[in-house]
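Participant: The structure under discussion is supplied below as structure tokens; questions concerning it will follow.
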Amino acid sequence: MKQKCVLIITDGIGYNKNSKFNAFEAAKKPSYEKLFKEVPNSLLKTSGLAVGLPEGQMGNSEVGHMCIGSGRIIYQNLVRINKAIENKELEKNENLQKLLAKCKRVHIIGLYSDGGVHSMDTHFKAMLEICAKNGNEVFAHAITDGRDVNPKSGLNFIKDLKEFCENLGVHFATLCGRFYAMDRDKRWDRVKECYECLLGKAYKVPNLLEYLQKSYDENVTDEFIKAVQNENYKGMREEDGIIFINFRNDRMKQLVEVLNSKDFKEFEREKIFENLLTMSVYDDKFKLPVLFEKEKIENTLAQVISKAGLSQLHTAETEKYAHVTFFFNGGKEELLENETRVLIPSPKVKTYDEKPQMSAFEVCDAVKKGIEKGEDFIVVNFANGDMVGHTGDFNAAIKAVEAVDTCLGEIVECAKKHDYAFIITSDHGNCEAMQDEKGNLLTNHTTFDVFVFVQAKGVSKIKDNMGLSNIAASVLKILDLEIPKEMNEALF
């Protein structure tokens, strides 16, 4: 069976039998049509317990890539935190108790929705409650979502938070869209807006809920809400404690850096804060206390390949680069021996419906170069289905799928020419459901299954009831390497 192998992850493309508002079905996709006819294929589960999330919870890129790269189901922080709240372990957390004892005033910051991708509203409320019951003066700083949930669902979430704060006697201090607070592409002007707001230097309003409704009236949805503060809020003090409740790291790193790093030079800051506590490890360089430490994941796909002395290439554009490196490698940043990483810059546009092809063709070129060079294993992510799906623009999402289809055709052709095996799958769905029955835009991920195609010597059928955690062993089987005991079985 021994062959070199390409693993292609088509982010945000799932299987939805309903063809209405389904960008995948609506797209012209000759490469996919050929794959369905000629290559063994099946469906994989990418949500709920199949990827270590609560039942019914949609999958996401972080979880999906961890599952694919580690070859096992890792119970995600979302599940771990839920359990810690249920059994009262969270309030006993040593790092939390230290912060509450040290700081009279405490600020809770995070994405407030039930999307479950970066955070959960229930975690936010649990933290407010713990801090308030401890006797601290507590300030809530809500980041509005509109991306992992409906674009105007914020009104209900923020109403819920406002009432919760009032009943608890805590301050509802600021509101800011994730476009500003959770940038991850070093667009520091956006993060600065959030920073200024936390310091009490933003536009002041008497009622945050009314401001949100006014934003909707001006066609500004949750993701893009401009930073605003309650008129009674006076800003953070340097001695205050700050707790970040997002459990996913990639979109909180920049804000933490702005608030805490002494080396930050991107813009002038009035204050730097030392008493920070994050829900999970956002970046090892921060040296900050955390509530939930990383679980150690050993014998990942990338590690096994590296230890065997084989070469590997990991490539994607900026938006998904962390997923094929850090997350795919089990939450480890460091480069492995014989591992090459190629980062293709994402286009500098406000939202990707402006350029649905994104940088797919450049990413495709990097893969073909890797095949021609003879890399033993290549993993690539095409971001289009997900990133354009998040915009809610149906026509742009169709173009996104068509761009991916073109790239698949080229890579498959190149793989066959050089006798490479290939596996094509997705980490989760998105663009296959762009509107609901009422015509509301759907910008979030789905819970639908995803396609998997396997072209390799001796493979004619894929087993039933498989998931993303069965892919790593499949790659090792193709490469003729021993499958570690920590991994789930192969797809074939």
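Just so you know, the numbers here start at 1 and follow the chain as drawn.
Just so it is clear, glycine is given a Cβ too, placed from its N, Cα and C backbone atoms.
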Participant: Just to be sure I read the record right: S61, D427, H428 are listed as binding Mn(2+) 2 in Swiss-Prot. Which of D11, D376, D480 is listed for the same site?
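Facilitator: That Mn(2+) 2 site, as Swiss-Prot gives it, pairs S61, D427, H428 with D11.
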Participant: Check Swiss-Prot for me: it has D386, H390 binding Mn(2+) 1, so pick out which one of H418, H445 it puts in that same site.
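Facilitator: Swiss-Prot lists D386, H390 binding Mn(2+) 1, and from H418, H445 it also lists H445.
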Participant: Looking at the substrate binding annotation from Swiss-Prot, with R147, D148, R178, R184, R248, N249, D250, R251, K320 already listed, which candidate in H118, H123, H171 is the matching residue?
Facilitator: H118
Participant: Give me the Cα-Cα distance between R251 (substrate binding site) and H390 (Mn(2+) 1 binding site), rounded to a whole Å.
Facilitator: 15
Participant: Including all protein chains displayed, how many Cβ atoms other than that of D148 (substrate binding site) lie within 10 Å of its Cβ?
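Facilitator: There are 22 such Cβ atoms around D148 (substrate binding site).
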Participant: Within the chain of H428 (Mn(2+) 2 binding site), which residues six or more apart in sequence place their C-beta under 8 angstroms from its C-beta?
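Facilitator: In sequence order, D11, G12, G14, T46, S47, M58, G59, N60, S61, G64, D386, H445, T446, V450 meet the Cβ cut-off.
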Participant: Which chain-mates of N249 (substrate binding site) that are at least 6 residues away have a CB under 8 A from its CB, listed by sequence?
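Facilitator: Same-chain residues close to N249 (substrate binding site) (Cβ under 8 Å, separated by 6 or more) are S280, V281, Y282, D283.
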Participant: I'd like to know which of these binding-site residues, H118, R184, R251, H445, is least surrounded, judged by other CB atoms within 10 A.
Facilitator: R184
Participant: Far apart in sequence but close in space: which same-chain residues, 6 or more away, have a Cβ under 8 Å from H390 (Mn(2+) 1 binding site)?
Facilitator: G12, R147, Y352, N430, T443, N444
